[in-house]
Amino acid sequence: MDRTRKWASGLGVVLFIVLRQLTLALEVPLDLPQPPTITLQSPKDYIFDPRENIVIHCEAKGKPHPSFSWTRNGTHFDVEKDSKVLMKPGSGTLVIDISGEKAEAYEGTYQCTAHNDHGTAVSNNIVIRQSRSPLWSKERNEAIVVQKGISLVLQCRPPAGLPPPVIFWMDNNFQRLPLDKRVSQALNGDLYFSNILPEDTRSDYICYARFPHTQTIQQKQPISVTVLEMETMNETVAALYNVTDFYSDSPVGERRPGFMMPLGVTSTKMVLRGETLELECIAEGLPTPEISWQKDGGELPTSRLSYQNFKKTLKISEVNEGDAGDYRCTATNSLGTAHHVIKVTVKAAPFWVSAPRNLILAPNETGILTCRVGGVPKPKINWFVNGVPIENHSRKVDDDTVILSNVQSGSSAVYQCNASNEFGYLIANAFVNVLAEPPRVLTPPNRVYQVITNSPALLHCASFGSPIPTITWFKDSQTSIKNGDPYVIHENGTLEIHVAQPLNSGKYTCIATNNLGIKENHVYLEVKEPTRILKQPEYKVVQRGMSAVFECKVKHDPTLIPTMTWLKDNGELPDDERFEVDTDSLIIKDITDEDEGTYTCIMNTTLDQDSASAMLTVVEKPDPPTDLELTDQTERSVQLTWIPGDEHNSPTQTFLIQYEDLLHQPGVWVNLTEVAGTSTTAQLNLSPYVYYSFRVLALNQVGYSDPSQPSRQYRTNPAAPDENPSDVQGEGIEPGNLVISWTPLTGFQSNGPGLEYRVQWRQKDVDEDWSSKTVANVSQFVVSGTPTYVLYEIKVQALNDYGNGPEPEVVIGYSGEDLPLSAPDSVQIMVHNSTLAEVHWEPVAAPSVRGKLQGYKVYYRRERGLHETEEDAEQQDQVLTFSGNRSEGRLPGLQPYSLYNLYVKVLNSKGEGPASPSKTFETPEGVPGPPSFLNVLNPSLDALSLEWGPPVNNNGRLAGYTLKYQPVNSTSELGPIKVMTFLANETTITLGNLNSSMLYKFYLSAKTIKGSGPTITEEAFTAMDTARTHTFFVWTKKCLFLLSCVGPAFGTVNTSLSGDGAVIRWEYFGHHKTFYVEYIVENSKEDWKKELVNGSHSHMIKGLKPGTSYRVRVVARDPAVPTVHSTDEVVVAVPAAPSRQVDIATQGWFIGLMCAIALLILVLLIVCFIKRNKGGKYPVKEKEDAHQDPEIQPMKEDDGTFGEYSDTEDHKPLKGSRTPSNGTVRRDESDDSLVDYGEGGDGQFNEDGSFIGQYSGKKEKDTHEGNESSEAPSPVNAMNSFV
């Protein structure tokens, strides 16, 4: 009992070791000893063509290379003794030359053996057979005469061939006979008729057998079949045919289904696992039955199932044990059903569950070989070693398992497992190689693995060793990798990262270890970005002849080389220059119908790909409809039908029906009606007396088709008019007449010949009869002798040779107008203020208007100003019209303090009546207009003069002027306002106590007793002192002194000088411009220098040389417009350096500072002298006295620092110098930069045009930054310097 338990425990350990051995089984490196392994062999069943050599393959590998031998039919086959047999060098493959020999002599069962010093491997038993295609046995087929409707079987019975032949039926012309549900060929080759028909009569039913290996076809003798109707079947006919086969047992009529094959109610079928199951049911009956299948108690395996022969054959591929069961086929026609059940059993030849695998064992290890097979019935397993049954007691055999204990060096061998049952056998070789080898890493070193982010990464570490090495992994040569998320280390040493991320990139090291040594290998992982299509191609609907663009924008890892490929319908693009492939697009030009399809862009890299597809639909206007036909014809309607043309992928929306009137308007097609695009008929309403011809146009999304061919002509009979003329009017054009007009009927509307119009009229509200006149086909009639402007009732009726039109409607009209007779009375004027008056009048009586009252006209004219004595002869009458029956009106926009004259007239459609008596009125005083001008004169350091002119329009008695002014600083901020008033006769003033170099803004207005008028403004600089001021300019919107006009874009420009440079200011009247200032030294040939101006109308030019003159201009550009605006050039003279400077040597603070510095230096000298006399000599001092080291630096007189003592030559500073450890000085940022352009602001102007826009362009402070530092002296050196 204890020994049994101990053996079981040991077996568990052995099983673990062996399972691990199986899992890690690897190929043995070629430089190590290895038993033979069969690598290539012929199939078990080898059928050869006697016209060709027999080639039996047997290849093997091993170390040393194996030798080969053969057996035939179980005995040794001596290859060397047969001159017809050749074994290939270095191989076991046999080539048998059977030319001129009987091929049957080489039929048999062959087996190959491969042997070397470490074992023997054997091949399968290979059965060699010759292919055969025997002739058909001679037979005479009797003619067959059958009655219509019965079933019939024509037997083929081909000769047995090797392999079996392929059967098919043809006629004498080698045309295959048509097969269908009624006529079908069974799996055995017979031809079945479920019911026979007269058209089946023929004399050449021929069965053919094709033998695949020899590619020969054998033919059966033709079979003749005659099908007769029952009425013609009599004994005479039967005697004439002299037939032996005569089918007349069953009636001709319809009958229920019955099975012709298989017979009976049930049958059986056996199939082997893995093969294809073929079940067949062929039924007879009239009408022809339909076949259906089902599995009793189960479902049919739809994924492996197919139907053939019009569902008469059921095929199931890759049969397994679950496919066993009862299969029911059902035949059905209109008279009933029939059933047949096929009982299917599944057997199995031996198949591998787990084939034995090669073992590599170290000395004293234990291994297990397993040979697990399945089969029905259960296979029998036999074990062999080196081709010989196992007898050695060191190997324990337990059915499908062999246990090898404590293997020793030199015990390598090849083991064979043979499993067999009645349906076949399996044989497998597995070697056991006993080796003692230190680890080897078979994966090439420094291999680079590249994967895409979020995909798995497999880093291989294929190794070999005996005992099998243990694999460990490290990342970046430091971090030990253990099993667990995200890493998995497989048994074969492969490191797997389930979902690789960029952080997983790096260097990986695998180490293989066993008891004989250690070996490491490095690999690298690069995790790349995935390839993604960012913008996919979109569905396109394009008209023929146009172009289509498919976009396909892709993002990919920059280190991978992408390749863009376009496909059409999963194939290559057509080789056509109309297809242009760009970096991220496909352009198709001049599209044709053949270009329609699915276009796919595929972006490939070496690691991944992405693709996207889109459809291209080619559309075109429809083809014209065809086959127009007229039906259901009546006097006033007809039905039109047509056949639509091709829609070209765009559905027809509507059909448009047009007609041509060949009688009245030949050649002119008129739209009649529209119908839906789904219709092909239209009911058309017609008019009389028209010769119709119709055509149809189809409309889709692209447009209208070409017109169809016209229909045949259709004429309608004449009739009385259906309508009267339209737009009937009555209006007099002269006093005493009435013009009656209308829109005549067209020939189409006339409904018949002889079209005329009956015109009727009478005075409204007067008891009198209608006056009537019949006129020809005209459009007006004039009635004379009518009273002035009275109402008339009017009617116009159409008539022709076939009758009158409908009763016309009555229309109201007027006779002719005349000029009014009377003038308005009682004209009165009310003055509201200096610019508005109101006029009233008495309306004229209605009879005196003599027409339709249009309104009243008021004529008024300014005679003169009240302060003037003479009339203004240039003044014109002003007219205001007041529509309708008005009695008053307002007169706006009058000029104050003026005398006006006024009269009124009445107005009708004919003209104006007489004028009313003239009236005069005066307007009161108002505020005056703006002063005519404001000029700045004689600017000085603290004063300037102003001169102005009186307003053009005083609008009253001028009372005086109001002047306001205020300073404007450099940041455009306004200072306090000062106000001054002046009498009317004062037009000049000199202002004092002003600030020098200051911009002032002036506001001037005139006033009357009614108040102040509009203001005009002006701006000006006071002069600067001689050290700073160069010149002075004043600008307004007009052209002033010191500058000429520069065109409509720029106004005036001025320049001035400040301590930092020259200031340029300008006016600009354009919009959205970018300005820059250009300048150049006068009389220089250099290029103009440019400085951009950001968002202002002023700019300072810095860095100008004193004593130099410059030419300056301002340029405006707009990126969207090619026009460039420029000012005239202005000369700016920069004065020489000023001489007015303060002598610093005479300043008290400077003298005091110098005295303090001198006193400090004196104290330091005294201290140094005391220390020198008190301290004695130091060793360093003695060394200096001895060698007089030139590197000892004296105190610098210029900056007061001490020299440094240096005892190494590598760090010697220059004498008398001090090198800063870190010192930089920032240069001024250039004002000449052209990098940024700003948009110029728009100025605003008051009524007189002077500039009042916001000031911009603040003065920027220059920033000079510097930072100097020096290395602090060493404390030792500092002390030495005192010695």
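Cβ coordinates come from backbone N, Cα and C, glycine included.
Per TrEMBL, the feature signal peptide maps to 1-25.
What TrEMBL lists as domain 'Ig-like' is 36-123 (among others). Along the domain 'Ig-like' (36-123), the predicted structure has mean pLDDT 92.
As annotated by TrEMBL, domain 'Ig-like' applies to 134-224 (among others).
According to TrEMBL, the feature domain 'Ig-like' maps to 257-345 (among others).
Here TrEMBL flags 350-433 (among others) as domain 'Ig-like'.
The annotation domain 'Ig-like' is assigned in TrEMBL to 439-526 (among others).
Annotation source TrEMBL lists domain 'Ig-like' at 530-617 (among others).
Positions annotated as domain 'Fibronectin type-III' by TrEMBL: 624-719 (among others).
What TrEMBL records for 705-716 (among others) is compositional bias 'Polar residues'.
The domain 'Fibronectin type-III' annotation in TrEMBL covers 724-818 (among others).
The domain 'Fibronectin type-III' feature in TrEMBL is assigned to 823-926 (among others).
Look at TrEMBL and you will find 930-1026 (among others) tagged as domain 'Fibronectin type-III'.
The annotation domain 'Fibronectin type-III' is assigned in TrEMBL to 1047-1137 (among others).
As annotated by TrEMBL, transmembrane segment applies to 1149-1170.
As annotated by TrEMBL, compositional bias 'Basic and acidic residues' applies to 1179-1199 (among others).
Per TrEMBL, compositional bias 'Basic and acidic residues' is recorded for 1257-1267 (among others).
Within the chain carrying the compositional bias 'Polar residues' (705-716), a Cβ under 8 angstroms from the stretch's Cβ atoms is held by residues 621-626, 628-630, 633, 635-636, 638, 640, 642, 645, 658, 660, 662, 669, 686-699, all 6 or more beyond its ends. According to DSSP, the domain 'Fibronectin type-III' (930-1026) comprises 0 helix, 52 strand, 45 coil. Taking pairs at least six residues apart, the domain 'Ig-like' (257-345) and the domain 'Ig-like' (439-526) share fewer than three Cβ pairs below 8 Å and do not count as touching. Counted with DSSP, the domain 'Fibronectin type-III' (1047-1137) comes out as 0 helix, 55 strand, 36 coil. Between the domain 'Ig-like' (134-224) and the domain 'Ig-like' (350-433), the number of CB pairs under 8 angstroms, six or more residues apart, is fewer than three, so the stretches are not in contact. Between the domain 'Fibronectin type-III' (930-1026) and the listed ranges 36-123, 439-526, 624-719, 1047-1137, the one holding the most Cβ pairs under 8 Å is 1047-1137.
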